[in-house]
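Engineer: One structure, pasted below without further comment.
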Amino acid sequence: MIRHFLALNQFTKEELDGLFTLSRELKDKQKQGVPHRLLEGKSVALIFEKSSTRTRVSFEVGVAQLGAHPLFISSATSQMGRGEPIKDTARVMARYCDGVMIRTYGQEIVEEFARYSSVPVINGLTDLFHPCQIMADLFTVIEYKGGYQGLKFAWVGDGNNMANTWIEAAAILGFDLALACPTGYEPDRQVWDWAQQRATSSITITEDPEEAVRDADVVNTDVWASMGQEQEQKEREAAFQGYCLDDALVALARPDCMVLHCLPAHRGEEITDSVIEGPRSAVWDEAENRLHIQKAIMASLMK
């Protein structure tokens, strides 16, 4: 049976922990200059309907380091952008490639693609979930803290794809999560209900960023207006006043807390320059770890 990586809810705690372990092994080999061409001779299609810097570079480099050949495909220059049915593209790509990564808008697109694909499909981002990023974030936490158990995670800002995926991760892995989101910008209701039924840890939501951040071990945020929401920028700026991760807000967290941001950051909006450049910031290690965790995901699915 073909295994895909579309959302964290497809996986058990043990399976996700296994990916963290493999990621550590691959990162160590890369740092030591030890070849780890686990996908030698394979080809991986990288389909982008949403443009990206980190996703494209980390996947292309990761595919190459695993010994495979990356194929960048933009919807603007492919038949997908001209209305070819997803199921047709999926079946054809599977005849040429050994795996597919898709970065797109609707979660239903990656799910339909996977349904018709005979090779593994990886969700590089949708409007609902961003599983590769949360896995990179958690791998970074493990590196800094030695694990995630017993920690309090705080999310401040939009209840977007990042927040939705953090909620799934907390329910599966069993850590406490406190979210602070303005009214009208809460996480997806179905994701929330699923997590509340499953979670053995505390997953809470408030409108008060100070309440969410207080005594947190990990503090996380993201842009207020995601790609495709640019026309809502002014409205969102007004709604998110008081939700900026600044020195005063971060000071409410534990003294040894770490700050995460998936990037790109709008400094002075959701996070200040002093915080992202400060001693608590793990943002650059977090960005690097996209490479390592995605290699672990690809290797586990495609080798």
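Every residue, even glycine, has its Cβ placed from backbone N, Cα and C.
Per Swiss-Prot, carbamoyl phosphate binding site is recorded for S52, T53, R54, T55, Q79, R103, H130, P131, C132, Q133, C262, L263, R290. What Swiss-Prot records for N161, D222, S226, M227 is L-ornithine binding site, and it gives sequence analysis as the kind of evidence.
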Engineer: Which residue among the binding-site residues S52, Q79, N161, S226 has the fewest other Cβ atoms within 10 Å of its Cβ, if you could check?
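Structural biologist: Looking at the binding-site residues S52, Q79, N161, S226, the Cβ with the fewest others within 10 Å is that of Q79.
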Engineer: Which residue, out of the binding-site residues R54, H130, R290, shows the minimum number of other Cβ atoms inside 10 Å of its Cβ in this structure?
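Structural biologist: Comparing Cβ neighbour counts within 10 Å for the binding-site residues R54, H130, R290 gives R54.
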Engineer: List the other residues in this chain whose Cβ sits within 8 Å of the Cβ centroid of the L-ornithine site residues N161, D222, S226, M227, in sequence order.
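Structural biologist: Along the chain, the qualifying residues are L125, D127, H130, D158, N160, M162, V223, Q229.
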Engineer: Taking the Cα atoms as reference points, how far is C132 (carbamoyl phosphate binding site) from N161 (L-ornithine binding site) in Å?
Structural biologist: 11
Engineer: Please report the Cα separation of H130 (carbamoyl phosphate binding site) and S226 (L-ornithine binding site) in Å, rounded to an integer.
Structural biologist: 12
Engineer: Taking Cα atoms as reference points, which of the binding-site residues N161, D222, S226, M227 is nearest to S52 (carbamoyl phosphate binding site)?
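Structural biologist: Closest by Cα: M227.
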Engineer: Counting distance between Cα atoms, which of the binding-site residues R54, C262, R290 is nearest D222 (L-ornithine binding site)?
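Structural biologist: Closest candidate to D222 (L-ornithine binding site), judged by Cα separation, is C262.
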Engineer: Please tell me which one of the binding-site residues listed here (R54, Q79, C262, R290) sits closest to N161 (L-ornithine binding site), measuring Cα to Cα?
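Structural biologist: Nearest by Cα distance to N161 (L-ornithine binding site): C262.
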